[in-house]
Structures are given as structure tokens and as C-alpha cells.
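Copied over from Swiss-Prot, here are the features:
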type	residues	note
MOD_RES	17	3'-nitrotyrosine
MOD_RES	28	phosphoserine
MOD_RES	50	phosphoserine
MOD_RES	59	phosphoserine
REGION	100-132	region 'Coil 1A'
REGION	144-239	region 'Coil 1B'
REGION	263-405	region 'Coil 2'
MOD_RES	379	3'-nitrotyrosine
MOD_RES	470	phosphotyrosine
């Protein structure tokens, strides 16, 4: 018995098929699970009426064959040329089918690897999704709620601080208004004091002018007194000269009228002396009265000037103290305003920071929701891909089952047939019947593994015409 090379190819293809695919992977409940239990049987008439030619069916697990012509064996003699042509055609078809099956095996292996990878990703995404559904939202919600509570508490503290600052600001504003009112009053008093000072300066100037006028008058009166004294002295001298001359004349006249002239001269002298004394006394009294009046006026003006200077100094001291107080109040006001501005800026910055924190938390929450939605979409897309792969794998499984059912036809095992041929002896036909041997081989597979394998032979008699038609 000679073995044909196609039988080796069939065995190699079967081994390559099992080695390529192997046992299907055990996948998760939601993933693709490939389990199939296929039972197929094939029966083929493999015999002839000739006792010298026998055909035996070998093992097969090979790709589908494209030859549709049935193998016909003559009852008396095997046509080797026809078998060779069929064998060449079958080999070409088988090589093409082997290549196609190899490509299908590669694609199927790629799909299996892809399904495994997608199953791993699916399991990881399911774990992440369950964790995100079970923990992340609650934890994020707790974190957000805690952060919001802290922000609300800080906002309440800031609100109370703001109220306190506003109350303090209102009190400072009232104090500032009172200080402004006091400043206005002091400014008004200062203006009144300056006005009085101007008036006093005017009075002082008037008093100074009056004093100068009085001094000038005193000087003129002193000059007049000196002039009157000189005039009086000259008059006295003239009077003495006249008296001496009269005395000389009297001496001359005494001789004649001595008693009358003496009396007349005494009277005249007494009269002139009384007039001179009276004039001198009046001049002295007028001078003393004028001097006393001028002294009183000067004293009064000096007292008024002293009082004006004292009031001016007092007003200057008050103005200086008020100016210092106004400067201090102005500095206090500026410091309070600066502190108020700093508090407002600090409150605005803190409020902006809290608002930014709240916005950041809201953005993180939104991003978490978007990421969760994205994971859900990816999970849905993976489910869709999984369903498509399940459908495609089911389609390939059906195709493979169809191919397995087709390769179970004995024509595909033509390459594995062991043909023992002897030259038939020409004998006259004894009867019109011939025997045929039918070999039925049943193979049961599950998950790509051969579970059971059985063979059954049936022998029957047929007419020669039926055998030839086969």
C-alpha cells in the first residue's frame, strides 16, 4: 500500500489548525465564549466490483475541496490518467484552499487575540466603572460637600468679619465726621482769630501812628516851650534892659519926680512880674497837662499794644496747636482709609480665591462627569465592537462548521486514500450484482477538541449499472 502525499498535507493541516487555534480562551460572562459541539458524519461508497482493487479511508481534518466531480472508479480497471488529472486538479484546488484556510486561521487567531485584549480592557474598564460608580461619585460628592461646607464656613467668617469691618468703618466715619466738624469749627475760630489779629494789627498800627503823632506833637510842644522859654528870657532881658534904662531914666528923673516914678515903677514891675508869673504858670500847667495827656495816651496805647501782642501770641499758639491736631487727625484719617482699602482688597482677593476654588471644584466635578460619560461611551463602543466581533466570530464559526461538514465528504480525503491496485483478471461476470463497501466515520468535537471518533462499515450489493453510474 502506497501513501499519497496529499494525506500528509491533510494531517499537517489538521495539526496546524489545532496548533494555531488551540483551545478557545475562557472569557468573562459578558464576553464572547466560543463553545461548539459539532457532530458530523460522512459516508461514501469506496468500493468496486473488482476484488483486486480496494480503497481505504484515512483520517481527515482538512480544508474544503473545490472539486465538485465525484470520483468514479470503474468496476474492472482504474483509469490512471483520469485519476492523475483529477489528482492534479485536486492538488491545485487544495493548495488554494490551504492558503485561504491559512489566511482564515490567521485572521481568526488575530480576532481571538483581539477578543482577549478587548476582554482584558473590558474587565479593567468594568472594574474602573464599578469603582467609579461605587466609590468615586460618593467620594467626590463627599469631598465636594466638605469643601463646600468649608467654603461656606469661611464665607460666613468673612461675612462676619466684613460686618465687623463695616461697623468699625461706620464708627470711624462718624468719628471722622465729628473730627471734620471740629476741624471746621477750629478753622472758623482760626479765621476769626486771624481776622481779630488783622484788626488788632490795624489798631496797633493806628496806636503806633497815634503814638508817633503824639511824640511828634510832644517834640513840637517841647520846641514851642523852648521857644517860649527863650522868648520869655529875651522878654525878661528886654524887660531888664528896659527896666535898667527906666531905672537910669528914673534916676535921672528922681531928682525931679522921685516919689511918683518910684511908685509907678513899682506898680509896673509888680504888674509885669505878676503877668510873667501868670504866663509861666499857665505855660507850665499847659505843658504838664499836655504831657500827662500824652503819657496817658501812650500808656493806654502801650497797654493796648501789649494786649494785642499777647492775644496775637495766644492766637498763634492756638493756631499751631490746631494745625498740629488737624495734621494728626488727617494722618489718622489717611491711615484708617488706607486700612479700609487694604481690608477691602484683602476681602476681594479672598472672595476671588474662594470663588476660583469653587469654580475649580465645579470644573473638576464636571471633568469627572465627562470622564465618567466618556468611559461609559467607550464601554458602550467596546460592547458594540464585542457584539460585532461576536457576530463575526459566530459567522466564522458557522463557516468553519460548514467547512468541517464539507471536508467530511470522502472526496476531500482523496489525497489521503491508500490505493492498492492490481491488474484485474478478466473473468466472465458470474452475475449482475456486485458488492460495495461503505465506511462511515463519525467524529464529535467540542470546543475544538475531538471528543469521540467512531467508524462503521456497511456492505451491500448493487447492480453493475448503479456502480458505474456512481
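Using the three backbone atoms N, Cα and C, a Cβ is placed for every residue, glycine included.
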Mind tallying the region 'Coil 2' (263-405) by DSSP state, helix then strand then coil? 143 helix, 0 strand, 0 coil
Give me the long-range Cβ neighbours of residue 379 (3'-nitrotyrosine): same chain, 6+ apart, Cβ under 8 Å, in sequence order. 122, 125, 126, 129
Would you mind splitting the region 'Coil 1A' (100-132) into helix, strand and coil residue counts from DSSP? 33 helix, 0 strand, 0 coil
